[in-house]
């Protein structure tokens with residue numbers, strides 16, 4: 001799939017852009033870019049990338065890739081392998097550079113395998129040296145095992161492992177018309193004899209599908225035997241040392257198996273005096289299950305890898321490198337590995353095997369724990385004393401055993417090597433972390449550690465929970481043990497994830513030495529166990545009757561967690577003996593649990609369901625959503641909030657280290673759960689913590705359905721330096737500081753997370769920019785991001801915050817452009833149904849957009865209401881606008897209009913669509929009646945009514961005056977009544 005994707009990327013832009021200098025399908029790779037041909041240099045290119053180039057040049061399969069050292073540095077086009085796997089246009093991956101190293105390719109120009117699962121499998125196609133017009137499918141009847149051996153050898157693969165019709169698809173025309181007759185030793189398929197088969201068709205299911213085994217090409221040199229020494233790889237006919245940066249014993253175990261050398265025992269990098277061409281084998285590629293051959297890249301280095309495998313014992317089918325079904329091989333015969341029967345193997349023998357493999361003491365020795373016996377069977381009984389360094393050093397006697405009962409094959413589990421220790425601290429559970437591994441005691445490199453990994457080490461040290469990890473720097477580099485964090489997080493044992501490294505950083509680790517939480521869902525929850533300072537030999541379970549809320553507050557504080565949110569018996573399992581026999585009496589303010597007063601409870605048992613189960617929380621947290629910045633608001637005592645204001649939400653998001661609130665909605669992440677917060681927050685919006693805000697008692701005991709506060713905070717990320725918020729340099733705010741993000745190993749899939757978070761659509765491309773000087777950056781763990789974690793949760797510590805290997809990350813999202821504005825000008829009327837224009841009169845549709853990028857054009861899309869036909873009109877954008885004139889409106893102009901702005905930037909076409917504008921066309925007479933006659937008539941009528949009302953009112957006032965004069969001797973009563981009717985109130989004083 002990767003090959004298909006990359007092929008599409010290349011062919012979309014650079015057809016004819018590559019060439020080889022030696023021959024059509026081999027030699028130094030050159031590329032034309034910006035009108036100039038230069039050699040290509042590629043950091044960590046593998047055969048996968050080479051295969052794309054070979055296919056682009058119609059040269060079949062990739063056979064080998066290497067580097068050529070020129071006599072002097074020269075200008076080259078530098079193409080990053082990581083960039084090629086994620087970009088949509090190749091030229092974004094090209095940088096101008098100057099180096100003395102160039103890429104050398106060999107492609108097979110006459111055979112290729114298509115549609116396979118790896119580079120050494122697929123449907124066979126052949127092309128004659130005499131005819132370059134096309135590739136031909138091969139029918140099974142014209143191809144046999146000897147022919148398959150030649151093809152596999154020609155492609156640099158191992159022997160054929162599967163040869164089956166239509167295994168990778170049916171025949172595609174044209175058809176190869178000759179019958180191959182190889183002897184099996186030829187170096188190329190077209191070197192074989194052949195005869196004309198006159199074949200023009202091939203039955204369904206008969207297309208040659210071929211799978212070649214992997215040709216590993218590994219060997220050990222300079223060691224005591226064939227299973228120890230400096231690792232070398234012969235790849236593409238070229239034997240070189242292997243560089244093992246970041247290698248772990250899991251990677252080494254793959255090589256040991258390929259060399260039939262048992263289990264991996266140790267790996268050690270060695271620095272040499274000068275740089276030379278080596279093979280780089282990528283650890284992540286190997287662990288993904290890819291063929292080793294597909295994971296090899298060219299690399300210039302002064303380092304090489306020394307590897308030691310056990311040549312006489314191995315553990316098979318185990319859950320880790322220190323467990324499995326035991327197999328043994330004698331030094332006297334190399335024909336195969338033999339299973340061992342339980343009757344010939346005891347505890348002392350197990351101790352020797354675990355020591356030989358560099359593991360800890362045996363923890364389980366059980367028949368058939370990792371599978372049944374497989375023939376042949378070991379025929380001697382081991383009689384080890386337990387102190388020998390290797391199993392074959394032990395005495396043994398002939399058991400004449402030829403069979404082994406079911407369930408009796410030796411299954412062995414060794415504990416992890418007890419090589420960790422903490423030195424220089426106040427207790428044996430704090431200090432600089434060191435590891436004795438493979439017989440060598442070194443400091444642990446302090447880079448890329450998390451509390452989750454530290455918790456594993458604290459457990460191995462029998463030291464309780466992990467409290468803190470601090471990276472410290474020394475004056476110079478030295479040999480250390482590094483940790484592969486992805487390996488540990490995947491569930492592998494720590495020993496399997498250790499690799500040798502050179503570093504000036506080491507790790508200071510603090511574990512709790514007196515208590516621990518077990519079986520919890522995180523570092524701040526679990527079943528409580530306690531150990532006295534006076535007795536380090538055992539951990540004690542605590543019974544609920546001896547532990548209360550104040551005690552829980554002290555434990556949570558000592559762990560660096562928030563306040564207790566749950567204290568419940570057997571929440572994380574039942575009591576395990578022995579039981580703590582003292583009653584804690586903490587005041588709640590102590591810094592450590594053992595600082596609290598206590599009294600003897602003389603407790604020796606604890607009732608079922610009474611083991612202390614404790615959950616600590618953060619002071620404010622969001623629960624129920626899919627990330628730390630999107631959930632329901634819950635406070636330190638577990639209470640949920642009912643209803644909320646934007647100012648309160650801003651404070652919560654700030655306190656959690658998230659961005660601004662993006663959604664505040666009732667029951668967005670679930671309904672209220674008891675208990676309920678009983679105060680109303682009155683934040684100003686600028687406070688640093690929610691509990692710093694003013695509040696008033698709401699006396700609230702219930703909350704209506706749908707009113708539980710659901711809050712989504714945006715991630716603290718931004719794109720800066722572009723002409724829009726949806727394009728530019730990616731910056732992340734982490735631990736209160738904004739920094740750019742380093743570009744190394746980012747893919748479009750990672751960038752899509754950013755675009756979605758910014759509400760900018762999907763990712764179009766990722767670019768890199770080089771800074772003129774070193775600046776602090778953040779490194780993001782891509783695998784962490786793809787696992788669904790938030791961006792800031794995947795920030796890695798770095799051995800050097802100022803080191804930029806690849807450049808600053810720039811992202812372009814699809815919603816790059818603002819939305820255009822559409823309007824109608826001319827004789828028109830705007831109503832609820834849209835705009836109305838008059839038949840026979842001209843009107844203009846105007847499209848405009850806020851200035852972002854120069855140029856571009858507007859497309860006016862009109863859909864007629866009468867015929868549903870769509871019409872398109874295009875004009876260039878002048879001053880970021882365009883006007884579409886319609887000289888005489890007709891009924892056919894009635895319908896919906898939309899403006900689409902399109903512009904070519906960043907080597908891509910972008911477009912943005914306006915809102916829809918509805919236009920109707922009215923008859924001039926109707927328009928005159930509605931717009932002119934009717935309003936004028938209403939105006940005249942209103943004027944007439946006003947004049948009539950005014951005249952009538954004047955007559956009424958005249959009659960009122962006459963009445964007052966006539967009735968004067970009679971008093972004012974009647975006049976007052978009349979005045980009230982007219983809204984005029986007269987008193988006797990006014991007359």
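Cβ from N, Cα, C; glycine included.
Please treat TrEMBL annotations as automatic predictions, because they have not gone through curation.
Check TrEMBL against the ranges 904-926, 927-949 and you find transmembrane segment recorded for 927-949. Cβ neighbour count for residue 192 (disulfide bond): 18 (other Cβ atoms within 10 Å of its Cβ, all protein chains included). Counting residues per DSSP class in helix, strand and coil order gives 16 helix, 34 strand, 53 coil for the domain 'SRCR' (313-415). Local packing around the Cβ, expressed as the count of other Cβ atoms within 10 angstroms, is greatest for 487 among the disulfide-bonded residues 182, 384, 487, 586, 683. Closest to residue 586 (disulfide bond) in space, going by CA atoms and restricting to the disulfide-bonded residues 285, 394, 497, 683, 693, is 693. Note on residue 285 (disulfide bond): other Cβ atoms within 10 Å of its Cβ, all shown chains, come to 18. DSSP assigns residue 596 (disulfide bond) to coil in the three-state reduction, placing it in neither a helix nor a strand.
DSSP assigns residue 683 (disulfide bond) to coil in the three-state reduction, outside any helix or strand.
In the predicted model, residues of the domain 'SRCR' (12-93) average a pLDDT of 76.
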